[in-house]
Amino acid sequence: MNANAVVSVRDLHKTYGKAGEKQYEALKGIDFDVQPGEFVGIMGASGSGKSTLLNILATLDQPTSGKVTIDQQDVTTLKGNQIADFRAKKVGFIFQDFNLLENLTNYENIALPLSLQNMASSKIKMAVDAVASQLSIAETLPKYPTEISGGQKQRVAAARALVAQPTILFGDEPTGALDSNSARDLLEMLTSVNHEQRVPVLLVTHDPFSASYCQRILFIKDGKIGQTLHREGRTQQAFYQEILDALGTFN
Amino acid sequence: MLNKLAFAGIKSRLKDYVVLFSGLVMSSAIFYMFEALATNQSFIKNNTSVSGASFIFQLGAVLLTIITLVYIFYANSFLMSMRRHDYGMFMMLGAKQRKIGQLILLETVVIGVIASVIGILVGWLLTGTLGNFMMSVVIGSRLKHFSAFYLPAVVTTVGLYLGLFLIAGVVNWLSLTKTQVLQLLKGDQQPNRPVLKPVLQVVQVIGGLILLAVGYYCMAHVQTIGLFAILIALVTIVSGTYFLFNAIFIWLVLLLKRTSWATKGLNTFTLSQLQFRIRNYTKMLSVVSILFALALGAITVGIGFHRQIDLMANVNSPYTMAIPDATTVTQKRVDQLKLATKATYQQKETKTTVYYNAAELKTTPLQRVTTTLAELQKQHRSNVTVHYGTMSTTQLQKNPVDLELLQSGAQQTKIAKVVSAAQFARIKGTAHKLLVFRVANLKADQQALKTIQKGENLAAGTVLPGGYGMLVLSTAIYGGLEFMGLFLGIAFLAMLASCLMFKILSGASSDKQRYNMLNKLGTRGGILRRSINREVGVLFTLPGIVGVIHVLFGLQLFKLLMINPYDQIWIPFTIFILLYIIYYVITVRLYERIVLPEIQINN
Ligand SMILES: Nc1ncnc2c1ncn2[C@@H]1O[C@H](COP(=O)(O)OP(=O)(O)OP(=O)(O)O)[C@@H](O)[C@H]1O
Ligand SMILES: [Mg+2]
């Protein structure tokens with residue numbers, strides 16, 4: 001175990017279904033750490049438990065047993081408002097289906113996490129403008145989510161996830177609904193944020209190309225980590241090739 | 001196959017259908033109940049003796065029909081909001097539009113038929129129990145000529161509901177087949193981006209105010225304009241309210257959004273929720289404010305009529321009773337009462353005239369009520385204080401009407417004359433003694449007075465002159481009106497409640513996703529709940545305020561029937577607002593149950 005780890009997961013189990021009903025064990029003992037500033041990918045076949053794992057890390061779901069520490073805090077013991085505050089302050093989450101509120105403008109969507117912290121409106125404006133120009137979506141701010149493209153929506157969602165300067169950023173197939181160009185844009189943006197702000201990123205993905213942006217990739221099979229790949233100074237192209245090979249043998 | 005799919009859709013939304021059905025059943029039950037009570041000719045003839053009452057009952061029936069119309073419109077839009085997505089899906093899967101059209105028509109009509117049939121059964125039950133009970137409490141005796149089952153009412157109820165649902169079904173059919181599949185699937189996800197058009201807005205505000213003013217003026221001057229005024233008022237007030245809401249509501253929301261208050265917590269979200277469906281809401285708010293006014297007004301007037309009974313009894317005559325030739329039994333009974341005043345006057349009765357002895361009237365002067373109507377109208381206490389003075393013999397000689405009012409039986413049509421003692425002795429006529437008295441508290445001695453009146457063996461339907469007789473008569477007259485007021489008030493309140501409920505529940509399915517997202521973003525449960533409280537609170541408060549204003553003006557209408565319709569107005573207002581608040585709390589709880597996710601999501 002590393003004392004500096006931003007995220008540390010120990011012997012994590014998750015069983016769906018109540019005792020007595022039909023049960024399904026989605027996670028069967030997962031262990032790993034994420035170091036500050038790391039960009040980690042999670043891959044695996046459909047139904048292998050990737051989303052389950054990410055949801056538990058982001059406090060959207062609770063494990064059956066095991067320990068998850070984020071920023072030195074055991075998140076599995078949080079209750080009620082603590083959970084809400086933890087999500088608001090520590091976690092940034094980008095969903096596959098954007099999860100934007102379509103009755104708020106993009107500006108209001110991005111500002112929401114800051115409003116929830118009752119920040120002064122002038123400060124909110126500064127923060128939103130900054131993150132919007134970083135993600136080059138400044139001109140979409142006054143529009144509504146229904147009035148922009150999927151790629152732009154995902155950038156807005158990313159901006160919302162980043163605006164409160166979270167301890168860690170999670171993405172559950174954020175490129176899943178995007179075309180390859182938009183996907184590339186988003187990944188490059190995530191990489192630069194990861195580099196510049198040293199925010200660790202944990203990315204679930206199916207797509208080997210998306211995965212090639214990561215420094216390390218965890219392959220999940222049948223609820224366990226089956227294999228780990230490290231980029232370690234290789235070019236993205238070489239890493240991409242290695243991921244493809246790994247997927248071939250892994251599945 | 002498609003039928004199976006459609007049925008599966010219904011099954012999956014059983015809870016929503018239960019809400020829809022209970023609302024519709026309640027509405028048709030109320031409608032039946034009113035029809036059974038208000039249009040039952042034999043019953044009306046036997047229980048009310050005012051010509052105006054029949055008109056008021058008819059007006060009530062018209063109002064209830066209008067409300068039912070609006071109500072079904074909302075219920076139907078709730079139904080459509082539930083089914084849009086399903087039908088869109090069927091079309092995506094390749095179902096023919098014609099088939100879908102038939103399906104929605106069938107579904108709408110079947111729902112209408114089932115709801116109205118169950119509603120009539122429930123209404124029948126309610127009429128027999130609750131209706132009868134309410135009537136008897138208000139009128140003071142069990143009803144005669146009354147049966148809870150009344151065929152014309154059944155026919156009207158079925159006819160109205162079937163007709164309305166047929167229309168609703170056809171409208172649904174047309175709107176569904178004209179809408180693009182994509183729109184059906186997306187529903188009301190399209191934002192409604194309201195823009196401020198200051199000129200239009202100002203025009204709307206002014207127009208709305210003018211319309212309202214016309215309406216209020218009409219109501220205050222029904223006496224001069226005639227009953228047509230009520231119709232004008234109805235139209236102008238409804239449209240005026242709509243324009244005002246339309247202009248002010250949008251403006252208010254947009255203005256609030258620009259303040260720094262809006263950026264705190266979920267305030268932006270709450271405002272956007274309101275803004276998002278702003279047009280639907282303004283329509284609904286105007287309807288609700290009218291319903292609110294009708295409900296509150298009806299209850300106020302109902303309770304007002306009750307007070308009217310007391311007022312009439314107290315101010316009508318200086319004496320509680322005037323008994324001709326009281327027997328010793330009666331006299332004993334009278335002496336047992338707590339009397340404020342008592343006197344006996346000699347009479348000599350001829351064919352045309354009843355003579356009184358001036359000397360006697362000088363030693364024990366006749367009393368009169370000195371409190372004027374205007375003074376009475378200013379009194380706002382639960383027990384009115386009425387002042388009494390005396391009449392001089394010269395006054396009575398000039399105008400003996402006060403004496404004539406005390407004459408009953410055969411004397412009722414004869415004129416009264418006050419003559420000197422000498423003249424009185426000379427007159428040949430049958431000698432009588434008139435016993436007059438006033439009790440200190442009419443209410444307290446009501447039972448004893450009833451016994452006294454019974455002992456006098458009066459002709460059926462007649463009463464002894466005086467306050468007690470007035471009490472009996474006005475209870476019969478105003479009791480019916482009070483019942484109407486209370487009944488309509490409760491009926492309108494129930495409809496109002498369901499209208500708001502349908503409106504709010506129509507949006508619940510899309511709201512559910514929103515609250516789920518907010519939860520995932522880390523919004524505290526308390527903050528989510530506060531947002532809901534505020535949103536629903538606005539939807540309740542705005543029409544409430546406007547409704548109260550409507551009522552305050554609308555009561556002018558009842559100056560025709562009541563001494564002071566504004567008297568003790570706080571009682572019905574308090575009762576009503578309490579009920580309204582309880583209803584608000586229930587709605588919020590219901591809504592929260594639907595839309596609020598667990599803080600822990602298992603997805
Ligand atoms: N709420 C639930 N109740 C019961 N079983 C569930 C639930 N959610 C997920 N599962 C099961 O747990 C397993 C893992 O699901 P999970 O969503 O984590 O897969 P995934 O790796 O994200 O798949 P995909 O790549 O398709 O998104 C699956 O077999 C799924 O059927
Ligand atoms: Mg998944």
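A Cβ is built for glycine as well, from the same backbone N, Cα and C atoms used for every other residue.
Listed features, source TrEMBL:
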{"type": "DOMAIN", "residues": "B:61-180", "note": "domain 'ABC3 transporter permease C-terminal'"}
{"type": "TRANSMEM", "residues": "B:17-34", "note": "transmembrane segment"}
{"type": "TRANSMEM", "residues": "B:54-79", "note": "transmembrane segment"}
{"type": "TRANSMEM", "residues": "B:100-126", "note": "transmembrane segment"}
{"type": "TRANSMEM", "residues": "B:146-174", "note": "transmembrane segment"}
{"type": "TRANSMEM", "residues": "B:195-219", "note": "transmembrane segment"}
{"type": "TRANSMEM", "residues": "B:225-256", "note": "transmembrane segment"}
{"type": "TRANSMEM", "residues": "B:284-305", "note": "transmembrane segment"}
{"type": "TRANSMEM", "residues": "B:483-505", "note": "transmembrane segment"}
{"type": "TRANSMEM", "residues": "B:536-557", "note": "transmembrane segment"}
{"type": "TRANSMEM", "residues": "B:569-586", "note": "transmembrane segment"}
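Among residues of the same chain six or more beyond the transmembrane segment (B:483-505), those with a C-beta under 8 A of the stretch's C-beta atoms are 16, 19-20, 23, 26-27, 30, 33-34, 37-38, 53, 56-57, 60, 63-64, 67-68, 70-71, 74-75, 77-78, 131, 134-135, 138-139, 280-281, 284, 287-288, 291-292, 294-305, 536, 539-540, 576, 579-580, 583, 587, 590-591, 594. Looking at B:100-126, B:146-174, B:536-557, B:569-586, the range that has the most CB pairs within less than 8 A of the transmembrane segment (B:284-305) turns out to be B:536-557.
Listed as Cβ neighbours of the transmembrane segment (B:569-586) (distance under 8 Å, sequence separation of 6 or more from its ends, same chain) are residues 292, 295-296, 299-300, 302-304, 489, 493, 497, 500, 536-537, 540, 544, 548, 555. For the domain 'ABC3 transporter permease C-terminal' (B:61-180), DSSP puts the residue distribution at 103 helix, 0 strand, 17 coil.
Here the listed stretches are B:17-34, B:195-219, B:536-557, and the one with the most C-beta pairs under 8 angstroms to the transmembrane segment (B:225-256) is B:195-219. Distant neighbours of the transmembrane segment (B:100-126): 2-3, 6, 10, 20-21, 24-33, 36, 76, 79, 83, 87, 90-91, 148-149, 154, 157-158, 161-162, 164-166, 168-170, 172-173, 176-177; these residues of the same chain sit at least 6 beyond its ends, with a Cβ under 8 Å from one of its Cβ atoms.
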